[in-house]
Amino acid sequence: MALHRTRAMLPTLLAMVVALAAADVVTLHVPSGSVYGFVNDHINASIWSPANVTNDLLIALSLSANDTRAMPTIAPSPLVLRTGQTNVNFTITGALPGRYPLSYKLVSLVSGNTTYELSAETLVVFIVNDQWQSTLSQFGINVALVVAGVGIFLWRRGAKRDLWFWGAPIEGVFEPDPFRSDEAMPSPLAAPTWQERGRRFWRLDCDDAYIVDACGVDAALFLRFNLDAAKLFSALTILSCALLLPINFVSGDGPTTSSQQATIANVPVQSPYFWGHVVMCYLTAGAVLFFVFRQNRRLEYLHMNDTTLIGPRSVFIQAGLPLDVTRHELRQWFLADYPEDIDQVTVVADLSKVYTVLGQRMNWRNDLQRLEAIYMSPSLTLSPWLRYCPGGACCPSPTDIWFDYLARRPCRSRRDAASRPLQEPLLSDSGGSPKADVIGDDEANEMVPPRILAKVTALRAQLAAVPEDILNSYARRTGTGAAFVVFNSNRARDQFLDRFRQTQAPLSQCVASTAATLCRRRPRRATVDSSGPSRLARHLTDLVVHPAPEPHDLKWSKMTYRPQSLRRFCQFGLYHALTVVLLLLFSTPASVLLYFNLQPGSDVYARVLTPDSLFAGFLHTYLPTLFLVCVNWVLLTVLFYVSFLEPWFTESRRMRSFLSKGFAYLFLSSILFPSIGVTAVYAATKSSSQVAFGGTSSREVKYVNDFLYKLCSNFFVGYILQLTCLGSLTQLLRIGEKLFYQPWVISRAVTTDEVHAAREPWPFYFGYDYAVLLSVFTIGLLGSVLSPYLVPCAAVFFFAKYYVSKYNFVYVHPTTPGRGNVARAAYSLALVCLLLFELAMTSILSQVGNANQWLALVLLTCATLGVFVYWRVVVYRALETETNPSRVDVEAPTTQLRRQQSMELSRALFHAHSLSEMEALVHARPTQAYINPYDVGLHMLSVLHRIQALRTAKLRDAFNRLGQQPEGSPSVATTAATNDLSESLLS
């Protein structure tokens, strides 16, 4: 019975013991969250107890960093809280900027009845430069530069002053460049005053019908991307401030006065407050997905309203055809299986030798016209830049400089013709050409140097000769195994593609069937009534078929026969190796500049002034971001010109390749390296140490610490400010084009064609700007959760980019003929930016959050990855596979259109000055037929040569018959020969 009572009282006794123990547990309050301090400043903190301690306590403090020499110093360390005390103070002094996690460990020196515990186990110490004042100074300087640049822009176009070397602008404010393009219809933006023109420009929608017609589909999509991105980050700014700012401010209770307490770095490790950041990640992902699919819907709408597209009902056979097949034979192959569905067939011939000879003859013609204008036109007054630096249209020639100065030609030219300032060229070709005033008599030719006269004579003889080499190469041309086939309807094209997929490997059929299932349609089977396999069916398994690009997008000079040879693979590897070398070459100076920014004690700054001065802080902030912008610009420019060496046969494919490489580099140099810090990159191959009390150490690499420090500091704020202010100013003033290139080229232009080509504004290169936009897009996404300061900066950047680009599209840049292929690649990369953002947040929360928060972000990343796969498999290819139902079965013959465009392209070929100019003309024309302009022009030339050869043979035969007749009365044969000779001479 007693034993039973004792067992019944045990729970009560245990409860009393726990209550007594809890009553003896005292919580020591320690700083938690994060504390901030400047370099070489003291951070004062304290640990306090609500009552006097009853025994001595030892509190060990340990800091972790990649480099133990850069760690802040803690004095005193360790901390001892003596019996009877209620608090103990300590000081943290930072040596170098960085993020340093600090951990507490409580050790009781003397056992007692009271148990003590700490209120927190970790604290994050941020050592920063006092750069926010210098950031405001940087912002003020950039704004002053923008205001000054806009003032110069308005003054130049308002006053139209004639400046030395730069001349006077022709266009005014809100007026189109006269060399931009030939507008058939008057612009709805025209008005008598610049104020009214500005109001009309402001009210013009970014994807208005006028923008689409006058600027192009790609321009409208680019403007829509910028405007929607600006609205997206404006909304994310509101969400971030409403949701995360309260969490970031109240979650940490460390002694800090820095404005960086509004970032995620102020939240304690393993805090439940991180759920707010997880929710913000979900909201950001939903907003970005809505943004991307909204852009794609706009692209689909513009495609549906474009009646000039023939790509949706065409296929491109890239390889597999016999090299000797002709257009007529291939058309018969298709007509045998599809008798009512073939519109046109174009076989691609290999004209590589013809291109070489034709380019050489074009150079001869340009050289002849330039020599005649400079040396044989007495009425032409040379500019001082051409008089003292003779040579070509772009660069001086050392040979011409040597011989002209030996003959004292510059001095004589200055005596004979009074120098006058650079005059504006004619706006049309009606003013004639200097070639009309070329000296023709022998007495005047004595004024021309003998070497120039010999060169002109040789060039005239070479151009006067019949181009037998071109005609022989054209006559011996072979095929490339490629062809374009245009069907009368999209339905017939889909039937052929489904029939082609059935002949491919099982894996290819599985992929095609899966795509068809996701597109909610079944693979159609071709119904070809044939007792045996047709010629097309026998070659179908060897073909390589792709959706056809638009005709204007083709680069015909790149479409040559390239077999699967070792040389081709070596060239392909060489192009990619060159790209990698360029990435490493330009990443090195960018990394060095970032290293200087991370090391405020560097000798580079110490030699200028003391590291703790305001101007030194300004240099630490301004120069690295400025140099990084310049280095990125140089690399993108080099990558752009390297892309011309790649064997892409479409302009959009080349631009998409350049966009992918440019974005990859900008992500590495502008986001990844600044985020983790160069010191973390250097520490990747060696272990960092965490030095704790007692001399123990553990090995780990603290990438997340460097990532959070750089992202939550003002580095990216300064970088986006540089891109916003200096980038917009450079784009508006067109500094590279108007300040350097055009004045120099115009001063060296002598013929009307050269002057017109020099005056034409540069086209807009979408791959370059999309790469920069996407890098800022990624920074803005990271800032929406980590640092709310970055999000409004990204919104301002996209708003500035939108208005500056809109002005240049409407008034400066020529019409872009693209159909949104580069925009689709940019939308895919926007989803890649979202995936990178989610992976970065997953990595961060794996270190500072708990397991449930990390799993929530892993789930979000997997869902976004599934959306990306759906986008690539279905949505991205929808414009190539799906069609507009209202135009599926509509017949669209293009025979008359093909004949008309053949004549226009042949005339363009005969007037082109180079192969690159010919490609630009083809790319700018809204061609609706697959016509090789070189093939058309050379075919006409061969026909004319054959007619001329027949006439020459007939004339030679008539002379021979006249010479064979004896003297006397003319016979019937003599009379016939005389008649033939008369007809030949008259013809």
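Glycine is no exception: its Cβ is also placed from the backbone N, Cα and C atoms.
On a predicted model such as this, the values are computed, not experimentally measured, just so you know.
Database features (TrEMBL):
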- 136-294: domain 'CSC1/OSCA1-like N-terminal transmembrane' (DOMAIN)
- 609-843: domain 'CSC1/OSCA1-like 7TM region' (DOMAIN)
- 418-441: region 'Disordered' (REGION)
- 962-987: region 'Disordered' (REGION)
- 1-23: signal peptide (SIGNAL)
- 136-155: transmembrane segment (TRANSMEM)
- 232-252: transmembrane segment (TRANSMEM)
- 272-293: transmembrane segment (TRANSMEM)
- 572-598: transmembrane segment (TRANSMEM)
- 618-642: transmembrane segment (TRANSMEM)
- 663-684: transmembrane segment (TRANSMEM)
- 771-804: transmembrane segment (TRANSMEM)
- 825-845: transmembrane segment (TRANSMEM)
- 851-871: transmembrane segment (TRANSMEM)
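Against the transmembrane segment (136-155), stretch 618-642 has more CB pairs under 8 A than any other of 272-293, 618-642, 771-804, 825-845, 851-871.
Non-local neighbours of the transmembrane segment (232-252) in the same chain are 32-34, 261-264, 266-268, 271, 273, 276-277, 279-280, 283-284, 287-288, 291, 780, 783-785, 788, 791-792, 794-795, 798; each lies 6+ residues outside the stretch with a CB under 8 Å from one of its CB atoms.
Stretch with the largest number of CB pairs closer than 8 A to the transmembrane segment (272-293), among 618-642, 771-804, 825-845, 851-871: 825-845.
The average per-residue pLDDT of the prediction over the domain 'CSC1/OSCA1-like 7TM region' (609-843) is 78, rounded to a whole number.
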